[in-house]
Amino acid sequence: MSELGSASSTGSVGSAASVGSLTVLVLNGPNLGRLGSREPDVYGSQDLVALTKQLGEAAPDGVSIEVRQTDDEGELIGWLHGAVDARTPVILNPAAFTHYSYGLRDAAAMVTKAGLPLIEVHISNPHARESFRHNSVISAVATGVIAGFGFDSYRLALDQIIRTIG
């Protein structure tokens, strides 16, 4: 598990505790811990630390961002359960789990059924890639899907969550 910490609206990277009135959980699935070195032509050259900083800078006052990454499906499911319990909105990049993880799909459905936003994001556009990437088992239970805009996919999701909750 990689807990990258949180960023407040000032963009500082700190502890995982909420520093504002709203925390947005940003969950990343398998292989995304290799951002910056894995297929930079597809995923770009920035890593998750840079993502944490960028989201912190984009967050308005009173909003903190908690970024996590894991290659473990069960851990990701557990984080979604925790989001339901803590009433925390979620930005989810399920990565490869997008295409086949029904357990993750069911956990994501728990978030939206609890009345919380869960936005599925992808750095690349899965529909412009190999055909096996064209199907998402998560999309049908997500509040929305944003894909193909690099790290801006996350920022757009954050903006929408703030509009929805604020």
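From the backbone N, Cα and C atoms, a Cβ is placed for every residue, glycine too.
As given in TrEMBL:
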- ARG38: site 'Transition state stabilizer' (SITE)
- TYR43: active site, proton acceptor (ACT_SITE)
- ASN93, HIS99, ASP106, ILE123, SER124, ARG133: substrate binding site (BINDING)
- HIS122: active site, proton donor (ACT_SITE)
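Structural mapping of features recorded in TrEMBL.
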| residue | record | DSSP class |
| --- | --- | --- |
| ASN93 | substrate binding site | strand |
| HIS99 | substrate binding site | helix |
| ASP106 | substrate binding site | helix |
| HIS122 | active site, proton donor | strand |
Cα-Cα distance linking HIS122 (active site, proton donor) and ASN93 (substrate binding site), given in Å to the nearest integer: 6
Distance from the residue listed as 'active site, proton donor' back to HIS99 (substrate binding site), taken between C-alpha atoms, in Å: 12
Those binding-site residues listed as ASN93, SER124, and which of them has the most Cβ atoms within 10 Å of its own Cβ: ASN93
The residue listed as 'active site, proton donor' and ASP106 (substrate binding site), Cα-Cα, nearest whole angstrom: 19
Under 8 Å by Cβ from HIS122 (active site, proton donor), same chain, sequence gap 6 or more: ASN93, THR98, VAL145, ILE146, ALA147, GLY148, SER153
For ILE123 (substrate binding site), the number of other Cβ atoms found within 10 Å of its own Cβ: 23
